[in-house]
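See structure below.
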Amino acid sequence: MLLNTVLDTLISGLPLVPLILGIYLVFQIRHDFDMTVEGSFALGAATAAVCLTDTLDPFLAVLVGAAAGAVAGLITAGLHLALGIPVILAGLVMSIGLFTVTLHILGSPTVSLISTDTIYAAPLENSGLSLDTIQICVLGVLVLAVLSGFALFLRTERGLALRASGAHTVMVRSLGVSERSMVVLSLGLANSLAGLSGGLVVQTQGFADVNMGIGVFVAGVGAVLLGLVIVRPSGSQVVRIVAAVLVGALLYRLVLVATLRFGLPATDLKGITALTLILAVVAQRYLGHLGSLLRNRADTRRGTSDTRRTSPMTGVTR
């Protein structure tokens, strides 16, 4: 049972890592809320599904899904910059509109991919391994590539500007970096990752559904907060970002998989997601307060120790 739980967690959690990464980008780095990801996730899945039914290469289908998601993100950025609509409202409008677009692309509420080749078909034929093993290996390599590429990007000059633009807008502007370009970059990249994730999910589960994007934003925020609770600040910030996204995505799926394993009906998963989000917020606040308290106490003790070692007359350390 434990092995099956781990396998199910990896198979269902790894395809969501790019989506969680995109949500982290806007939510934590840019300090904004973009609900476009709900539409771009389903759009990427639908686009990839149609490409697969047209016998396009499965990996190219994933890239097409990512491109479709990027277009959705760029439209949201255009609504925000050109019309002055707040990002959260522009994203909400886009997620509603993309539902209709996705339905037209699919042609029906659900499209099955049982008889089509996926990214797992060739490795499955040539290796002789089980489908679960192939899925974990292929997804692991793809997720590692996405996380590594994102980490390298964050270390570039453009990536550093993007990281600073959320918390230090005035400073970034003083350095000549365009805030508008950061908005376009963040929304385009985040939704591209969401579309890519949709392309992976649809090939893993074997079908595309017009409703599959509903609720992924809230679930993604919950996964981000879970990851930040587990991966505490230490060392490289880029490493923490990557680790928090990976851990959060897998931990979130572990909660849902364990819920089903314990016999709860699938209809309760939305409630479990909401409860997980609440617990993650509470845990992050509590642990953050506790960490600050411990650091202050350590600083106080260190200061007292330094005072005792220093002569009050000469100021020379004994």
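Yeah, the Cβs are placed from backbone N, Cα and C, and that goes for glycine too.
For reference, TrEMBL has these:
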TRANSMEM  6-27  transmembrane segment
TRANSMEM  39-56  transmembrane segment
TRANSMEM  62-81  transmembrane segment
TRANSMEM  88-107  transmembrane segment
TRANSMEM  133-154  transmembrane segment
TRANSMEM  183-202  transmembrane segment
TRANSMEM  214-231  transmembrane segment
TRANSMEM  238-263  transmembrane segment
TRANSMEM  269-287  transmembrane segment
COMPBIAS  298-309  compositional bias 'Basic and acidic residues'
REGION    298-318  region 'Disordered'
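Between the transmembrane segment (133-154) and the transmembrane segment (214-231) there are fewer than 3 Cβ pairs closer than 8 Å, counting only residues 6 or more apart in sequence, so the two stretches are not in contact. The transmembrane segment (269-287) and the transmembrane segment (214-231) are in contact, since at least 3 Cβ pairs between them lie under 8 Å (pairs 6 or more apart in sequence).
Residues of the same chain lying 6 or more positions beyond the ends of the transmembrane segment (62-81) and with a Cβ under 8 Å from any Cβ of it are 34, 36, 39-41, 43-45, 47-48, 51, 56, 87, 90-91, 93-94, 98, 119, 180, 183-184, 187-196, 198-200, 202-203.
Between the transmembrane segment (183-202) and the transmembrane segment (39-56) there are 3 or more Cβ pairs closer than 8 Å, counting only residues 6 or more apart in sequence, so the two stretches are in contact. Within the same chain, residues 16, 19-20, 22-24, 27-28, 33-35, 37-38, 41, 194, 240, 243-249, 251-252, 270, 273-274, 276-277, 280-281, 283-284, 287 sit at least 6 positions outside the transmembrane segment (214-231) and bring their C-beta atoms closer than 8 Å to a C-beta of that stretch. Sequence-distant contacts of the transmembrane segment (88-107), counting only residues of its own chain at least 6 positions beyond either end whose CB sits under 8 Å from a CB of the stretch, comprise 32-40, 42-43, 46-47, 49-50, 72, 75-76, 79-80, 208, 210, 213.
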